[in-house]
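Enquirer: Residues or ranges marked as active site, schiff-base intermediate with DXP by TrEMBL: A:95. Summarising the annotation, TrEMBL assigns 1-deoxy-D-xylulose 5-phosphate binding site to A:156, A:183, A:184, A:205, A:206. Sequence annotations record features per position, and here TrEMBL assigns domain 'Thiazole synthase ThiG' to A:3-248.
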């Protein structure tokens, strides 16, 4: 998949928060083959270089770092955090989160579009964390985003794809825009489903980090993503009501 | 009598010094502070000796080796309260309790009545809870003072200025040893102490919450220590957000905490290696004893014993870490 002129080999992206230890985090990346690591700048930062030791460990994973603005509740906070992330990680990429609702962590669509516009004009390449709303998607694209990251379900819930119709519509409306299902996945089967629907990649964190064996779950997701992508590329059959035996019936004795 | 030097008089240094004295060594401890205090990371600890609960996320050695800690502290004359741990969760996150129960052992399930019998002030607040019976807690500040005073009585010299080391040196400086141990990182933790005479807890209570986990540890005279934040940072500033989360979680545990007096807000960065397990690293005549993470009081006794075994018995104990740099 190609995003902002960059070829991304792995269709699995992993967050780096909430793991039992950085060693477990590294093992999860190793077994998953995930090519992109999202890093929360705001919560860990505390200003200056206080989180530097952890960020060094993330850099040592040898994957592309996609810093995010997790936990930002206003445009201003998100923009400031993005600017800080650009300096820290020397990248124009930013996963933009502007949270609009404290309980569901639902994106603030208005703030998101505004922040995306400000950051794009400032030279950022924005990966917006958004809902499956088609109108919002249109506005984000107009603001300069070249990729969309619709949620599957609210962050950290593990509920999977809660609005399949909405996601399907979004995918169908913008067939050429790279899309990453971000947030809400709890099980590999849900990742497979997203990939079968034609999404280009998935991003998850809690499902792996909070599993009893994060590395095993990471590998499970990697295989699931691969399975779903293969199925999508293979052009699946259409479901039908009429049974159609895969073995010809003609020539067999009808005994029953 | 062999001479030995310990650098750092936090929980790691004091436990190592205690182990060395027990083996009959002549010990000098370098530490700038006249008594245990705020510049020791362990000063801010919760003092929970909770190996089974820690097993939710910690590696197996923490659970196994942590089980000797309550006995060790008690054998040093430190008062240890053995009433176990209570684990609860807000109603809508009740599945958190199932997950916690699956991933830990040593607990029994309590219904509302059984919980009320164990902790009357939590009556009616939670319809079920876990009781981890074999866990304990202590007052970390009292424990540090006790060890230090006893070591001085036993003839250990505490020197404020770091001078020339005699014999083997045990470097127990925690995060300050990052100059020698670049793999060390700081993991920030915030804590608060409340005076809450309206609510009486007799054992540590852990509130499981997907966003704001909390533990509340009873201290003397109606005080309660609140903790749980864990942030990948060595920032030592006391952040409003973290304190807000701690206090909100406490309020969710029991609204009576809303009436408590805020006595103290503390913060420090715990020294940790990438696997969050402690290490013993030998370089020439120096043995580094470090990386206790959030398990200072839980693992320092076992680690101190291993440090002495590495130094004097010629064995390579469990946490011995080959030095690659």
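Glycine is no exception: its Cβ is also placed from the backbone N, Cα and C atoms.
Remember, TrEMBL labels are computer predictions, not curated facts.
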Enquirer: What does DSSP say about residue A:205 (1-deoxy-D-xylulose 5-phosphate binding site): helix, strand or coil?
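Expert: Assignment for residue A:205 (1-deoxy-D-xylulose 5-phosphate binding site) reads coil.
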Enquirer: Among A:156, A:183, A:184, A:205, A:206, the annotated 1-deoxy-D-xylulose 5-phosphate contacts, find the widest CA pair distance and round it to a whole Å.
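Expert: With A:156, A:183, A:184, A:205, A:206 as the binding residues for 1-deoxy-D-xylulose 5-phosphate, the largest Cα distance is 9 Å.
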Enquirer: Among the recorded positions A:95, A:183, A:184, A:205, which sit with their Cβ under 8 Å from a Cβ of chain B?
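Expert: Answer, by Cβ distance to chain B: none.
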Enquirer: Would you mind ranking the binding-site residues A:205, A:206 by how many other Cβ atoms sit within 10 Å of each Cβ and giving me the lowest?
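Expert: Comparing Cβ neighbours within 10 Å for the binding-site residues A:205, A:206, A:206 has the fewest.
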Enquirer: In the three-state scheme derived from DSSP, which category covers residue A:95 (active site, schiff-base intermediate with DXP)?
Expert: strand
Enquirer: I need the most crowded of these binding-site residues: A:156, A:184. Count other C-beta atoms within 10 angstroms of each C-beta and give me the top one.
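Expert: In terms of Cβ crowding, the pick is A:184.
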Enquirer: Tell me the Cβ neighbour count for residue A:183 (1-deoxy-D-xylulose 5-phosphate binding site), meaning other Cβ atoms within 10 Å of its Cβ, over all protein chains shown.
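Expert: Excluding its own Cβ, residue A:183 (1-deoxy-D-xylulose 5-phosphate binding site) sees 25 Cβ atoms within 10 Å.
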Enquirer: Would you kindly give the Cα-Cα distance separating the residue listed as 'active site, schiff-base intermediate with DXP' and residue A:156 (1-deoxy-D-xylulose 5-phosphate binding site), rounded to the nearest Å?
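Expert: Counting only the Cα atoms, the answer is 17 Å.
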Enquirer: When you measure from the Cβ of the residue listed as 'active site, schiff-base intermediate with DXP', which residues in the chain that are at least 6 apart have a Cβ under 8 Å away?
Expert: A:38, A:66, A:67, A:68, A:69, A:127, A:128, A:129, A:149, A:182
